[in-house]
């Protein structure tokens, strides 16, 4: 009797552990490319364990072919060959043969079938089973190879992390459960690739190109938003979220991905930049590409590509919506680690990918991968989308004051106000790592200005970024009057905002100034609400004099605006009596909400109950209504807890104790969200180390 297989043992647990996928499952085979795995072929009684005429076949995609690299036929022979599939005998007996099978480090990722072909008169092909193949940062020949183990642990294996939000002068982290190793997530991520327009147009070509992380990253960037396709998230920025979940409510990716998959790939409502980025981080880590979430504060959105952001203000200080350019309080994207074989040398490493639908790239709402090195150097001729990301971190900002007659006067310009405190979670800790230096040289330095000039020069030959034509603004004010705003203390929601307006006259003569100061709630994408408070006064300041004015924005004026926002923009404009000179200053102020806290009671042990205590105090002078406490945590809670709390009076405390039974060992994150009628989605997180029971 010739070689005849009765069953196949794929050694799920051992193989998955060796391939760093045991966190996903031990019940099916999930592998990383470029690395050997073991299978045992159990033979029918009387079968000959000779394998010299046996061939294995690995296939992926709907129409696998050897020409496209989605089908491989290979004999059981000797040592593995780096660039092709190979197999070798490990052990052999009369009843079984154990093989070591190795995929090439540039194989396409995806779902594979493994078959065996035995020559017996006419060749017979039999199915052995299926497996999933992922990128492999542990393989030196893989284009996503990452050398340091602690970085692989953080950027591939860590199932939770931190997202930074706020404004440049005041920001804080919130916890996020990426949960890339929940068992169904890998199937959802591959489904995401299979419903992309690229796959629909040409499935064979798409599956072939899945060998390239640059291509996969670009597809995922497009598919996390739904603007061109059957993507995951629908964005909304108007503070109104009918029929969906406010972006601020989410604390993890799993609920979003499952909702998208279960509902027939219909978009989930709603996302904003940090939600898009966090979901993309989950997908990329799941597929095996090292990825981290990045927050850029004072992030420019340059719609016309001139690397300059123009902002217009009325003479009373109200920001006007005269430009499609904007500066977001913060913007969030991801970086993924990969080699760029499509580019000249020097651009490997971290690549920016941004799934938030801002501008189209080659006709599609996606962004990247853009090498961080190219952004640093101003190499705006390097693909993909380097000019757009360069502007986000290093555009120049120009402020204009618009007179009652429509004339425009340049108030100020700065090379330092865009792109600051660029942040990500540090490796192995819950500290913040500042990566600003990877994106831009020190502000104002010659090297930084040279990079900006290079970016302008390479960007379609643009050499003049100053508005011109019949409506060109008038020259800037003389600058002899200086204004600045300083807070008395960090504002807390429910309290008045007290601040100082400092006025300096550097002229040799006294000045009579009409000063208007206003407060506007600011959406995180930089779009202001209507003014909620205004103060006008006249001040005489002596030659070379200085004065300080104390101002107060009552909670009664700004409180209603903070229900759906958390930043107040303070703007002061000074008009000189008897002249057209105008001077202005502005400050974005983060209004902090009352604190939500989590305390763990006892030692978390796998499959044993422990308790978490969540406390919240209403520090406002008003009663909170429609309160909702939500808890979630991958490996700690199977489905999220939602605890309604009808009302919470002024200075009252609520304490909730929740029983938890961990289902996964290791580091886990419990997240909590408190929502009510007067402010939205106060966050807290607690990391716990779940021990195994011995």
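For all residues, glycine too, the Cβ spot is worked out from N, Cα and C.
Here is what TrEMBL says about this protein:
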type	residues	note
DOMAIN	265-357	domain 'Transglutaminase-like'
ACT_SITE	273	active site
ACT_SITE	331	active site
ACT_SITE	354	active site
BINDING	394, 396, 443, 448	Ca(2+) binding site
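Everything TrEMBL records as a feature, shown here on the structure.
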| residue | record | Cβ within 10 Å |
| --- | --- | --- |
| 273 | active site | 27 |
| 331 | active site | 27 |
| 354 | active site | 31 |
| 394 | Ca(2+) binding site | 24 |
| 396 | Ca(2+) binding site | 21 |
| 443 | Ca(2+) binding site | 16 |
| 448 | Ca(2+) binding site | 18 |
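The Ca(2+) site is defined by 394, 396, 443, 448, and by the 8 Å test on Cβ atoms against their centroid, the other residues of the chain that qualify are 395, 415, 416, 418, 419, 440, 444, 449, 451, 452. The average pLDDT for the domain 'Transglutaminase-like' (265-357) in the predicted structure is 94.
Between the CA atoms of residue 396 (Ca(2+) binding site) and residue 331 (active site) there is a gap of 17 Å. Annotation note: residue 354 (active site) sits in a coil segment as assigned by DSSP. When the alpha carbons of residue 331 (active site) and residue 273 (active site) are compared, the span between them is 6 angstrom. When the recorded positions 273, 394, 443, 448 are screened for a Cα within 10 A of the Cα of residue 354 (active site), the ones that qualify are 273.
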